Amino acid sequence: MSGLGIMVLTLLLLVFMATSHQDAGEKQATQRDAVNVRRRRSIAGRTTTEECDEYCEDLNKNCCGLSNGEPVCATACLG
């Protein structure tokens with residue numbers, strides 16, 4: 001095989017390796033985000049109303065329950 005053929009095959013191999021590595025990183029990030037959402041929503045076993053969930057979702061937070069009839073929103077509900 002000529003030197004040019006070997007260089008082309010090497011280049012194709014490097015491109016393949018680089019793209020598969022990028023895809024793996026993207027897949028890992030997607031899986032990590034999915035796990036974080038699952039954990040965030042299930043930290044506390046509180047019962048919430050649909051109104052509270054919708055109100056807090058608009059603020060990009062989780063409904064942690066009601067206090068004096070008002071929704072309590074937080075990034076992570078503790079206890």
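We number each residue from 1, going along the chain as drawn.
Heads up, the Cβ atoms here are built off N, Cα and C, so glycines get one too.
Here is what Swiss-Prot records for this protein:
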- Cys52-Cys64: disulfide bond (DISULFID)
- Cys56-Cys73: disulfide bond (DISULFID)
- Cys63-Cys77: disulfide bond (DISULFID)
- Leu78: leucine amide (MOD_RES)
- 1-24: signal peptide (SIGNAL)
Checklist entry - In angstrom units, rounded to an integer, how far apart are the Cα atoms of Cys73 (disulfide bond) and Cys63 (disulfide bond)? => result 5
Checklist entry - Who sits close to Cys56 (disulfide bond): which same-chain residues at least 6 apart have their Cβ under 8 Å from its Cβ? => result Asn62, Cys63, Cys64, Pro71, Cys73
Checklist outcome for this item: Students should find that the Cα atoms of Leu78 (leucine amide) and Cys52 (disulfide bond) sit apart, in Å rounded to an integer, by 17
Checklist entry - What is the total of other Cβ atoms whose distance to the Cβ of the residue listed as 'leucine amide' is within 10 Å? => result 7
Checklist entry - For Cys52 (disulfide bond), what residues in its own chain, 6 or more apart in sequence, show a Cβ-Cβ distance under 8 Å? => result Cys63, Gly65, Leu66, Pro71, Val72, Cys73
Checklist entry - Counting Cβ atoms within 10 Å across all protein chains shown, which of the disulfide-bonded residues Cys63, Cys64, Cys73, Cys77 comes out on top? => result Cys63
